[in-house]
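Visitor: My questions will all concern the structure given below.
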Amino acid sequence: MPPPAWGWGSNPLEPVVHTVAAFSRRLLIAPDAAPDEARLRPLLSLSLSPPPTPPSPPPPPPEVLKKDSKAAPLTKEEVGRATWMLLHTIAAQFPDEPTRQQRRDARELMAIISRLYPCKECAEHFKEVLKANPVQAGSQAEFSQWLCYVHNVVNRSLGKPIFPCQRVNARWGKLDCPERSCDLEGSNDIIPNR
């Protein structure tokens with residue numbers, strides 16, 4: 001196929017594309033059959049035009065739009081609530097008789113939070129609170145009560161209400177997990193016996 005009068009353009013693969021396109025027009029599915037329009041369609045179609053843009057993803061369900069109509073970073077208060085929720089849930093799941101490593105992990109978790117917490121002034125305050133009130137993680141009850149006490153120390157400094165720590169298990173009790181699957185120690189069974 002001779003080059004077009006206007007030249008090959010700037011794409012170095014353009015001659016190859018034109019040659020392959022011309023060759024594919026001449027291929028027949030069944031060479032001994034009479035040519036018809038369907039059989040003369042190219043088996044291969046190459047184009048130098050950009051690929052079509054993929055369809056845009058479907059919009060989120062309406063309940064997602066209603067729930068969070070603002071697309072903004074979390075506030076300091078929202079991060080605080082989420083952090084306390086996580087910590088109280090961890091304390092509620094903490095073993096009644098933790099291993100030395102689990103007690104160490106509880107202390108280290110609090111130390112890490114005091115270093116990495118996304119609110120600098122909150123992290124500094126939490127370091128002070130931890131220094132004055134070292135982590136108590138000898139059992140689930142002790143860890144939960146200590147965390148409730150520390151949470152109340154923070155709440156007092158913010159002028160927020162104090163939570164009655166005798167109700168901590170009613171508020172943050174163990175997760176409802178079948179066959180103790182929420183236990184930190186878990187079980188050695190890969191598949192539970194039925």
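Heads up, the Cβ atoms here are built off N, Cα and C, so glycines get one too.
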Visitor: Determine which of Arg115, Arg171 appears in Swiss-Prot for the same FAD site as Lys76, Arg81, Trp84, Glu121, His125, Cys148, His151, Asn152, Asn155, Lys160.
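Guide: For the FAD site that includes Lys76, Arg81, Trp84, Glu121, His125, Cys148, His151, Asn152, Asn155, Lys160, Swiss-Prot also lists Arg171.
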Visitor: Kindly point out the range from 135-140, 177-182, 189-194 that Swiss-Prot annotates with motif 'Required for dimerization and substrate specificity'.
Guide: 177-182
Visitor: I need the CA-to-CA distance for Trp84 (FAD binding site) versus Cys148 (disulfide bond), whole Å please.
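Guide: Spelling it out, the Cα of Trp84 (FAD binding site) and the Cα of Cys148 (disulfide bond) are 10 Å apart.
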Visitor: Within 10 Å of each Cβ, count the other Cβ atoms and name the one among the binding-site residues Lys76, His125, His151, Arg171 with the highest count.
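Guide: That would be His151, with the most Cβ atoms nearby.
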